[in-house]
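Okay, structure first, notes after.
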Amino acid sequence: MHKVTSTSSLGPGGLDLTQSFFKPIQNTAPPSPTKRHTKISVIGVGNVGMAIAQTILTQDLADELALVDAVKDKLRGEMLDLQHAAAFLPRTQILSSTDYSVTAGSDLCIVTAGARQNPGESRLNLLQRNVGLFKKIIPPLAQLSPDAILLIVSNPVDVLTYVAWKLSGFPSNRVIGSGTNLDSSRFRFLIADHLDVNAQDVQAYIVGEHGDSSVALWSSISVGGVPILSFLEKQQISCEKETLERIHKEVVGSAYEVISLKGYTSWAIGYSVANLAFSILRNQRKIHPVTVMANGFHGIEAAGGGGEVGEVFLSLPALLGRGGALAVTNVHMTEEEAQRLRDSAKTLLELQRQLDLEV
Amino acid sequence: MHKVPSASSLGPGGLDLTQSFFTPIQNTAPPSSTKGHTKISVIGVGNVGMAIAQTILTQDLADELALVDAVKDKLRGEMLDLQHAAAFLPRTKILSSIDYSVTARSDLCIVTAGARQNPGESRLNLLQRNVGLFKKIIPPLAQLSPDAILLIVSNPVDVLTYVAWKLSGFPSNRVIGSGTNLDSSRFRFLIADHIDVNAQDVQAYIVGEHGDSSVALWSSISVGGVPVVSYLEKQQIPCEKETLERIHKEVVGSAYEVIRLKGYTSWAIGYSAANLAFSILRNQRKIHPVTVLANGFYGIGPGAGGGEVFLSLPALLGRGGALAVTNVHMTEEEAQRLRDSAKTLLELQRQLEI
């Protein structure tokens, strides 16, 4: 039975319409166990979490949506605001609680919770604070939904995806970070807008660390199947390295631009994550640049072997489906691009090494 | 040509890929003028305006979306945040400007801009301030999109819909207020959740003034076609008037509850307005309880001295706007409360300087 609100005016003590309103059909079998019931949990109901939750709701991606946060009133207010739209949406059960039990049995858990950087705070310090937060979030999530896919959005997303993997005990294919999926969307938008074509016809990946040192894979950009760089060469249109750097910087800068203008970003990351949720839950086997365990791919050393090399998570073009990250595509990279990727990995490993992950 | 940002890195001065990237097809005729190109303008990019804009975008209701506000930075930030999702959405042109010229030739203009009530401020004073704001918003909107439908969301919505109608010079069928569309949705949700059915199977209208004195039409509530009140009578289930009042109060109170808990409401009104936009632009001829010119319906007559009044009634919406008002059954008591609503609104309007 789906009873979300406890209203005093309808129900026992108020007006009880349930008595004989419907006549049940006798001897009904319960729904078959293979019947699809998709549950998504969103942890953190700030601007990002709510943009994600609302987009998921509008795109009808789940039968059940659970919201979790530490602030009770805000959490309940957001839940009610979504529930009040019931007349305009397909029926979705919307729940919320400060208690993680509400997330039990999730197919997908999206974590957006995270401390904000204090002025003058070092990145390592912010990271350590977020690790502290994840120690409270990830273990109960993983325990209550042992088969779920974890999708980490909180920043810095690459290291926090690694942290979530460690704390959850999940196989690495089931712990993914939103990574450079949105950076790549902004990249594709810039190129598409310039060429006046649909952004979905532009294939362009930004990979590596989600942040200032992300790697734009210029050598594999194509529009309607036409590889751009070789096209430019054939047309003898000169293309300076500095120009490409500037375009890449513009992509990286556009997030900061939105933050400086409206205070935060929300809508684009909302669509980006809903896009990933759809690919995963509906087994689309689409390729997305997302944070995955990168060891063994594109020249990033495999972990273990008694050496110093640890596991590292960063964005690579990955095939996503119901089982999570299924494969990494062997996209072509120039030696320079591959080197920058390995440098990214080194930086992240160094950061991870300094973290205290003891639970 | 759809050129939204002025990217210095791509284009003249930067990397210009346009040269010969595509070979145009010669002698193409321009698109026929009847080719559907839907443009929606949203005035005000606060929480409500942006929830409406984003829902419209997600539901793919428009080819072009224009945002207007007075605060430049916030406006540009919101526009960029929507544009950055281009890879995940059907192609929609998204524009923004503090200048109303960006709204020209809209099919639908949604006004969410409005002053917030200062502590201790009288309702009349707040209203007069919003009238001042509308004098800057409505005339250019109407002038630049003379065939548009105006959808007013700003509160108090009924009086402001009247004001928008006066200031625009539009025929009354093209000036609509979001009215009690959302109140009715909350009402339907409460009932549906209690009975555990889909809210879309619950037909229940709240009409009249959008606010504390709205009128719940109990006599016409039905679930899957079964009228609730007469059903209760047949089942001999007692239904006290006080109980019905309490349920209604809970609906009215739920908006205040959300505001108290999260500071404002946004998502539900976003879906509500997008729902109205769809019915209008796709000529759905669906019945919605929205703010319309109410004179001549349900015994609401003109008051002394030409008193036109706008309040929510179940109205048939389509591409031409509000096409008709349904003759839903009302008890004499419900009709009287509706007429009382009208009187209150007329009194308020009379004191305004438009």
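Cβ atoms are placed via backbone N, Cα and C, with glycine included.
Note that the structure is a prediction, hence the values are computed from the model and not measured.
Quick look at what TrEMBL annotates:
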type     : residues                                                                                              : note
ACT_SITE : B:His210                                                                                              : active site, proton acceptor
BINDING  : B:Gly44, B:Val45, B:Gly46, B:Asn47, B:Val48, B:Gly49, B:Asp69, B:Asn130, B:Val153, B:Ser154, B:Asn155 : NAD(+) binding site
DOMAIN   : B:38-177                                                                                              : domain 'Lactate/malate dehydrogenase N-terminal'
DOMAIN   : B:180-347                                                                                             : domain 'Lactate/malate dehydrogenase C-terminal'
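Between B:Asp69 (NAD(+) binding site) and the residue listed as 'active site, proton acceptor', the C-alpha separation comes to 25 Å. Annotation: no binding-site residues among B:Gly44, B:Gly46, B:Val48, B:Val153 have CA atoms within 10 angstroms of the CA of B:His210 (active site, proton acceptor). DSSP assignment over the domain 'Lactate/malate dehydrogenase N-terminal' (B:38-177) gives 68 helix, 26 strand, 46 coil. Ranking the binding-site residues B:Gly44, B:Gly46 by how many other Cβ atoms lie within 10 angstroms of each Cβ puts B:Gly46 at the bottom. Sequence-distant neighbours of B:Asn155 (NAD(+) binding site): residues of the same chain at least 6 apart with a C-beta under 8 Å from its C-beta are B:Gly114, B:His210. Note: B:Val153 (NAD(+) binding site) has non-local neighbours B:Val48, B:Ile52, B:Ile110, B:Val111, B:Thr112, B:Gly177, B:Ser178, B:Ile269, B:Ala273, i.e. same-chain residues 6+ apart with C-beta under 8 A of its own C-beta. Each of the recorded positions B:Val48, B:His210 was ranked by the number of other C-beta atoms within 10 Å, and first place falls to B:His210.
Take the CB of B:Asp69 (NAD(+) binding site) and look out to 10 A: across all protein chains shown you find 23 other CB atoms.
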